[in-house]
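Read through the structure below, which is laid out as structure tokens, and then see the notes.
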Amino acid sequence: MKKKYLYEVDLMRCIFIFGVLANHVTSSFIASLSTNSVPQLVLLMTHLMLHFTRMGFMFVTGLVLFLQYYKKDQVNYLTFWYKRYKGGGVPYLFWNGFFLIFVAVEAGDVLNFHSWLTDWYSALIHGNQFYMYYILVTFQLYLIFPLLIKLFKKLSCYHLLIFSISALIQLFFLIWTKYIYPEMNHDNWPYLLKYYGNFVLSYQFYFIAGGVVSIHYEEAKTFILKYRKIVYSLTALLALGTLVLFYVNWYILKLDQHYTELVHQPYLMIYASLMICTVWCLSLSYASHRTEPKWDKFAKFVSLSSKLSFGVYLTQTIGLTLLAYILLNIKGYLNEWVLFLLLPVGYLIVLATSWLVSFILYKVPPFGILIGRPQKFRRNK
């Protein structure tokens, strides 16, 4: 039987990936404003509200993978790995190499093949350049995905227990990352433990949650819609609570900017989980109205943008580099508050640039493979 297409997932992809760009644009403006100025402080205070997008993207990844494979009687995992690693691997190889050249040219550096090759190799094995950590994390997820399927099928009556244990593990992990990890010496640690933001287990709860929702989709959907007003209210309160979190981190705990704004915090796990539920509810509402005439243009935009979402993520460095160049050249002439108010314009520049580049690659063969959307060539009869 053909799987039902979930149009709500299209909007969820758009919200989360567009939110990722908003996060990075905000960081660019924070860096451009004077240290300890009021506009910079306002952005720092509100920036934590955007720290749900990464977790949302991980949730959708788990949701989609389980939707595609959990209910299959048999899965050829060699084929699965080939398809997934090819789909993500080609863009990962290309964009890491391309952006190293792009950044060097933009900075006016002399290109050297040996140093470029060394830097490219380092970027590939570490996933620490150009926001490519997500792809490195998903590569790890693909590797263990057969074990997750086996776990859920073996313990088919205990999915809620798996979910609960996963949540507790995630919570204790985040307590460790915030309060214990910074005080430890990490010199001889393995890379993925030292830089845990690139490690799949750092996001295990969101992948597990996506899997549980996928397997029990109709029941979960009924539940979340029944209590959506409560979800909206709690999400709004928790969003305001991020201001308190900033105050505690900055003024009471005296944390530096990195740890104040860290995405891996216990409070943000709860906030991000509620934000994911809120985005899901809004997307379900969209899915129920998308066929209405007044929603037609928006529905077409969402459908296309969902297809381009991975490309928007991959190519965001182009838009962010353009924004950095603009900010560098205008900040000396503008009042701090004027620069602050230009943030929405900066966001539109980055989003439009990344979206347009992805759209061109999507439409022009054979470049769709660079954004995970390979085109099929038609033979002339």
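Any Cβ shown, glycine's included, is placed from N, Cα and C.
Taken verbatim from TrEMBL:
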DOMAIN    7-358  domain 'Acyltransferase 3'
TRANSMEM  12-31  transmembrane segment
TRANSMEM  51-70  transmembrane segment
TRANSMEM  90-111  transmembrane segment
TRANSMEM  131-149  transmembrane segment
TRANSMEM  156-176  transmembrane segment
TRANSMEM  196-217  transmembrane segment
TRANSMEM  229-248  transmembrane segment
TRANSMEM  268-287  transmembrane segment
TRANSMEM  308-328  transmembrane segment
TRANSMEM  340-362  transmembrane segment
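Scored on C-beta pairs under 8 angstroms, the neighbour of the transmembrane segment (12-31) with the top count among 196-217, 229-248, 268-287, 308-328, 340-362 is 308-328. Remote same-chain partners of the transmembrane segment (268-287), defined as residues 6 or more beyond its termini with a Cβ less than 8 Å from a stretch Cβ, comprise 6-12, 15-16, 48, 51-52, 55-56, 59, 170-171, 174, 205-206, 209, 221, 224-225, 228, 231-232, 234-235, 238-239, 241-242, 245, 295, 299, 302.
Here the transmembrane segment (90-111) sits apart from the transmembrane segment (340-362); fewer than 3 CB pairs are under 8 Å, leaving out pairs fewer than 6 apart in sequence.
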